[in-house]
């Protein structure tokens, strides 16, 4: 080996050879610079990771916003269709439009006319707890679908029963009287289903905010309007022509067909449009609040859930062995979670029902509601026959049932909207889940502290008492006899009773939602709403008995034909309405006791 070679080898092993140095413009210098490229790749990769992270964050935000927007759309679409449901559901309030025709065309007695209306009332109110149960457990779509079927069958059956003529019991050859009764039982049940599905939807979707009053008042007001527009359609579009070509009474057969078809369609559409939004969150919050309140000892619900279902656990196996095993275990976990959520909901609703039924103030509220709504229902159902008693027989009428059905509907609607809005503005603000406060709850410990300065407030019970008194003024006005032979004055009676009745029906469910919450609203309100059935039955029978006795005495018996079943004079209604006014005053006393009594809401710190 030459010395030069040996030297190069030694240099290569110990230092940098001169050939390793390449000037900047040397042709032997590499065109690509590995070090710079490596740094660039690392920077690009870091930028890619950062970009991917922020893209995922942005996509997550967009997905969350889309989901929130979708929930809001569903919430408001449900609210709109709930109003449509209520705008159609109150067809029974137009009963006075054709009730008197059952007397004159089918030769029903006043008792039979009242039996038909009472049958509808019983069908409307007695099954309400069952329909409320369906709303709470299965959602409002199921009762809405059921209402369409009940309305369709009920009105179609009533239409053909009317078209057949007087029943055999009245000397005719038409369908038996029992068929008409059965038809109106279906109409009443359909009314309850459609109304409750709409109101429950609004209560649960908006009941946790500060606008619960108006959220309930709007659909309830729409229910009051339904009788007005339907009676106007019947009297102005679906009417019979007199021999001189003028407009006569409503064509009952066509009117019933119109109602049956319309309500069938509305109920079916409500099946897919009425939805409860974020119900799982509502249930979870309520259960958590019950746990914190001290009303559930020793973690009752979750202890039992863990021991029975193993909540929160997964089957132990090696998921990497098989994709199928992994998917199967995930499916089992999701199924177990869904079952646990369903059981949690069932348990909570059952517990809420138990607490509601064992609360004595609920029974005082229900008793007052019974004493007020019964007279109101009896007045609305017998508007047509009451108007007939105001003028001498065989004289031309200066007013019509359709006019007063509209007056009642308008004043009722205005009262519902006004009381719902004012209760939101002026009523004391109810803390969330105040009905779950127990003796050991944190919230209850602050009750003894001096209250903070508050704005001017008016309790919802004050509104309730005020409008109940207004209702009694209408009853007193009619009972006094100042309307007799002056049918034009009857508008004041209709307006006063309509306003009072509408406000009571608007405020009472709001009170239920405030005092006992919205988690079990359908069942709670359904139980309370049974009472008007008994009230309507009682006062309908009392009115019919007084009316029937009036036809056999006084002015009514003078020059009367043997087959005449109509009554004329103050004796036909005055005793009934004196008694009704007294009952309303008794109801006000019961409500005051539930509010300010020894175990009343005020003593319990419930802001109502």
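Keep in mind that glycine also has a Cβ here, set from the backbone N, Cα and C atoms.
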Correct range for transmembrane segment (source TrEMBL, candidates 50-72, 73-95, 280-302): 73-95
525-546, 547-568 - the range that TrEMBL marks as transmembrane segment: 525-546
Annotated range (TrEMBL: transmembrane segment) out of 13-32, 213-232: 213-232
Segment-segment contact (the transmembrane segment (461-483); the transmembrane segment (252-274)) at 3 or more Cβ pairs under 8 Å: no
Long-range environment of the transmembrane segment (115-135) - Cβ separation under 8 angstroms, sequence gap at least 6: 92, 95, 99, 102, 108, 142-143, 146, 180-182, 184-189, 191-193, 196-197, 200, 377, 381-382, 521-527, 529-534, 536-537, 540-541
The transmembrane segment (495-518) and the transmembrane segment (213-232) contact flag, 3+ Cβ pairs under 8 angstroms: yes
